[in-house]
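Participant: Annotations for this protein, taken from Swiss-Prot, read as follows:
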type	residues	note
BINDING	Gly122, Thr123, His124, Gly125, Lys126, Thr127, Thr128	ATP binding site
Amino acid sequence: MIRRLQDSGDLVRAFPRVHFVGIGGTGMSGIAEVMLTLGYEVSGSDNADNAATRRLAKLGARVMRGHSAANVLGTDCVVVSSAIREDNPELMEARSQRIPIMPRAAMLAELMRFRRGIAVAGTHGKTTTTSLAAAVLSEGGLDPTFVIGGQLLAAGANAKLGGGQWLVAEADESDGSFLRLNPLMAVITNIDADHLENYGNDFARVQAAFAEFLQRLPFYGLALLCIDDPEVAALAGKTPRHVMSYGMSENADVRAEDVVQDGPRMRFTLRLPEGTTTPVTLALPGRHNVLNALAAAAIGWQLGVAPDTIARALENFAGIGRRFNDLGEVTTSSGARVRVVDDYGHHPRELEAVFAAARGGWPDKRLVVAFQPHRYSRTRDQFDAFAAVLSTVDALVLSEVYPAGEAPIPGADSRALARAIRARGRSEPVVVGQIAGLAEVLPDVLQDGDLLLMMGAGDIGYVAQHIISNGFVGEQA
């Protein structure tokens, strides 16, 4: 049947049913929640049940466990995650039924068409920067829509449909999908060698993709670039768009001065383009988070948020799930009292930044790291860098690599990484074959007063939550 748009009066009623394949993913669940709020009938499937799928179900989405061709029957559009294989039965059925199929980034681009888009790109820091920007705009009364790759703790969600005209979202460079977006404002936090498997193992193609991302801005758009990052700084001089820079460099348009760490917080003076200076206490540790906050401040300044309002938003920021998330203290069976911090960091540069933040905030504590490498390809490509940064901690426990769908690569597993770290002569890493064994092994490594960092982009976060809830007893995977 051919549906006439004028018969329904709006597009939601004309094409109300949207199905998400891989609805539990961080990027997918956020878009699904926004579309639910817009009035769409949302369904979705995923192989795993998680907090995101449970939240969506409570909000009214129909969520199915596992993938089946029957799940897409009657739907008007199928949204697919980049993690989904082409032979997925739901995609195959959608093709046979000629149901429109949209990649996740394409649907985000559709949402952005109805708002003024702010897209935050960069190899590291996207989630934190996007979250801080949403907090600044909210504090400034702009009521933004946001779609974030992590849970904004103050909102209890990774997405929200706001009543204002601005939409702030992460722009994912990992698979090149950020090139589908057409924002009014684009942020680049940094450019690093990661996800090279999607760029023909050629870093020059990564650099070119970021340059093309800025080309997608309209002629009146704005590029907000972190010139403390050499790759971004090089891009700034070649970008044929309006540019505002941020960083700690003296020539940055928006910069931080007199930066000091005070426990889990950072204190600095925010200097804005008009010459205005404002003292800021940022509710996050680490110099890398100061840079993330500067990007949010630059966005706020551009949209007319007052400097004291920007400072208040940064001071009251409640954090993001799995981004230096201080879970509290727990006691081992031997009586050792340790503080547990959960973090998503999974690239050597991210590990280095988090370690620096931990040492800056708790200089008297031993730094114990439980790390789950993410992807065999990343472990191979960054092998020496991983060995170098992981050899700097006081004690280390490695679980096996979280494959994320990849087949094992010889010489790119945790045991090979442990041997490389051991050869440096600074630490004696402990290796556990399965992530479920971490909780049992850690008490043998920990001492009273330690700071335990549990890091990785796989499922190590569930172990951290298990330890806080149940102590150091066996985790059931």
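Backbone N, Cα and C atoms are what each Cβ position is placed from, and that goes for glycine too.
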Participant: What's the number of neighbouring CB atoms sitting within 10 A of the CB on Thr128 (ATP binding site)?
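Facilitator: 29, counting other Cβ atoms within 10 Å of Thr128 (ATP binding site).
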Participant: May I have the list of same-chain residues other than Gly122, Thr123, His124, Gly125, Lys126, Thr127, Thr128 whose Cβ is within 8 Å of the Cβ centroid of the recorded ATP site, in sequence order?
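Facilitator: What remains near the Cβ centre is Val120, Thr129, Thr189, Asn190, Asn292.
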Participant: Could you say whether, by DSSP, Thr123 (ATP binding site) belongs to a helix, a strand or a coil region?
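Facilitator: Coil, per DSSP.
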Participant: In sequence order, which residues at least six apart in the same chain have a CB under 8 Å from the CB of Lys126 (ATP binding site)?
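Facilitator: The list for Lys126 (ATP binding site) reads Val120, Gly149, Glu170, Ala171, Asp172, Thr189, given in order along the sequence.
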Participant: Under 8 Å Cβ to Cβ from Thr127 (ATP binding site), same chain, six or more residues apart: give me those in sequence order, or none if nothing qualifies.
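Facilitator: Spatial neighbours, sequence-distant, of Thr127 (ATP binding site): Ile148, Gly149, Gly150, Glu170, Ile320, Arg323, Tyr344.
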Participant: Sort out for me which one of Gly122, Thr123 has the most neighbouring CB atoms within 10 A, since those are the binding-site residues we care about.
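Facilitator: Ranked by Cβ atoms within 10 Å, first place goes to Gly122.
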Participant: By a simple count of other Cβ atoms within 10 Å, which of His124, Gly125, the binding-site residues in the record, is least packed?
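Facilitator: His124, out of the binding-site residues His124, Gly125, has the fewest neighbouring Cβ atoms within 10 Å.
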